[in-house]
Amino acid sequence: MSAEDEQSGWQLTESDPGVFTELLKTLGVPLVVDDLYSLDPASLFEMQPLHAFIFLFKWVGSSAEPTAGQYDPDFPGFFAHQVVNNACATLAVMNALGNIPGLPMGSPLSDLISFTAGMDPQTRGMAITSSDWLREAHNALSPPSAISLDGLGLPKTTEDAYHFIVYMPYMGCVYEFDGLKQHPVNHGPFSESGEGWVAKAREVIEARIATYPAGALEFSLLSLREDPVPRLQAQLAELQASGRQSEASELIVRLSTENSKRERWNFENSLRRHNYVGFVHALLVALAKSGRLETAKEGAKKAMRERAEKRNERGEASMEED
């Protein structure tokens, strides 16, 4: 992590549905985030009702004008600029939540959105990223690195930068909310029939994905949707009460899958919260006392050299090992 990132106070966030869902829970919002592996109608139908798509991609700079759609400088909804490093994940979430009518939310979030009403995007972005409680919620599952390489005189390397944006419906059109762009991007109206806004969003996202080389893994897609567990529980109770056990069995399987996913998210989030510095220190001391530290060190250096060679073969920049 660079000194600039440390000064901003916002840490890097993983593109992980469990991390986003935990953030939503902290914000008092009854929505969840799920991975999307396909945009086909059948897959998206299973996730309805959908509120937005969160798109993560490799950022290589932005042009003055959008490559697709048109800027909407008179956009009447909620839109905030990204004004500090590493805040794009939470800012993408905020730009989505602020444009969902009637969405239940916790008092701190409701107060923040109300407070920023009428602000221009730059000022709103500054107000959002100056919110201590929101920054703490963002950082809860992405604690700062315990080890900094700054000031050691090591060769500077260029790291890939990734960025979160949102696609969602607003007033009959599909909009793109990118905190690094001057205005929201209007991708045009959608038909209320059939899949509704999802069909238009699919068209826009697939066109964007098509600009990447075949087989590229430089992007990912997440869905922001209503938590299906309460609905499944209500449907299950209704089926069981009416004696429709066959249909109830299918719902039990789906409910079990959702609960298992949440258990996995909770476990992974508990690992993210843990501080491993003490463990690493104890391990190094144990290796030194047993006389195996030098062997482990040489093995690590060999592995690092091999990894650097593979990166060089792929034409990627790598840090020279000491």
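In case you wondered, yes, glycine gets a Cβ from its N, Cα and C as well.
Bear in mind that TrEMBL entries carry predicted annotations, made automatically and left uncurated.
Here TrEMBL flags Cys88 as active site, nucleophile. Neighbours of Cys88 (active site, nucleophile), defined as other CB atoms within 10 A of its CB across all chains, total 24.
Look at TrEMBL and you will find His163 tagged as active site, proton donor. Around the Cβ of His163 (active site, proton donor), a 10 Å sphere holds 18 further Cβ atoms from the protein chains shown.
Taken from TrEMBL, the feature domain 'UCH catalytic' covers 9-226.
What TrEMBL records for 294-322 is region 'Disordered'.
Residues annotated as site 'Transition state stabilizer' in TrEMBL: Gln82.
Residues annotated as site 'Important for enzyme activity' in TrEMBL: Asp178. Note on Asp178 (site 'Important for enzyme activity'): other Cβ atoms within 10 Å of its Cβ, all shown chains, come to 25.
Sequence-distant neighbours of Gln82 (site 'Transition state stabilizer') (same chain, six or more apart, CB under 8 Å from its CB) are Cys88, Leu91, Gly125, Thr129, Gly179, Leu180, listed in sequence order. Distance between Cα atoms for His163 (active site, proton donor) and Asp178 (site 'Important for enzyme activity'): 9 Å, as a whole number.
Note on the domain 'UCH catalytic' (9-226): mean pLDDT across this stretch is 87.
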